[in-house]
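Okay, so here's the structure we're looking at.
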């Protein structure tokens with residue numbers, strides 16, 4: 001009689017053993033500001049952006065409650081404050097968007113390098129977003145004395161559908177409190193698209209995060225002179241993204257000389273989770289960046 005097959009190895013994520021749920025609900029770990037373990041938050045890499053993910057999103061950018069994401073920069077005491085004629089309070093805005101931030105490696109690495117720049121990571125997967133959120137909270141507690149990591153946050157979002165619901169147009173002119181002088185407030189300065197889902201099958205190309213339609217949305221929310229950073233280890237996807245951005249009239253590609261010394265490019269290459277994986281496998285990385293040009297005169 002043949003011997004029975006050996007028992008299957010349990011998933012490392014602890015999904016079957018209950019360890020995943022135990023880890024994620026461990027209040028003692030959170031109180032001690034211990035970093036979450038990635039293996040308990042893993043989720044399949046592919047998420048259908050055309051599905052209804054039961055997302056909560058604002059109907060317009062003015063309804064975004066940024067104080068929930070950056071309490072240090074948006075204190076409740078400021079809400080409703082009046083401004084005297086001729087004086088202006090500094091208006092803080094999110095300047096960096098990491099689309100498909102994954103496990104948050106990029107914004108976590110950039111946080112201490114750009115301490116006064118607000119950065120938002122956006123991720124569609126529920127468990128991955130939860131991991132990044134707990135990671136940021138733990139880092140804020142660990143570095144409370146230095147006040148670090150207060151400038152980064154994460155939002156569960158489907159950027160293919162709701163990006164204009166989150167960010168306003170690249171610049172907003174307004175005259176607050178009846179003052180005749182009009183201020184121009186510049187906002188989003190950098191967009192990162194790091195190792196996006198390549199969607200290899202032709203019928204799935206419509207789900208790629210770069211397309212003519214999405215290129216127009218990136219141009220809409222990005223300020224003039226702002227930069228779109230892209231990186232991938234898939235040459236076909238690199239050519240796809242390059243074609244769409246090169247063809248767009250409001251983007252111009254940056255040369256290698258212009259990218260030299262850009263700290264964001266260095267972080268994008270080596271500090272993201274996917275970047276580290278490609279490095280371990282001795283894979284190639286294809287980097288391309290584009291500058292948002294000025295709006296044409298109509």
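Glycine is treated like the rest: Cβ placed from N, Cα and C.
Here the structure is a predicted model, which means the values were calculated and not measured.
Summarising the annotation, TrEMBL assigns active site to 197. Within 10 Å of the C-beta of residue 197 (active site) there are 17 other C-beta atoms, taking all protein chains into account.
Positions annotated as S-adenosyl-L-methionine binding site by TrEMBL: 100, 123, 124, 158, 159, 194, 272, 273, 274. Counting Cβ atoms from all protein chains shown, residue 274 (S-adenosyl-L-methionine binding site) has 21 others lying within 10 Å of its own Cβ.
Among the features that TrEMBL reports, region 'Disordered' is placed at 1-39.
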- Task: Show which residues of the chain containing residue 100 (S-adenosyl-L-methionine binding site), separated from it by at least 6 in sequence, have their CB under 8 Å from its CB.
- Result: 122, 123, 124, 159, 193, 194, 196, 197, 209
- If you draw a 10 Å sphere around the Cβ of residue 159 (S-adenosyl-L-methionine binding site), how many other Cβ atoms fall inside it, taking every protein chain shown into account? 24
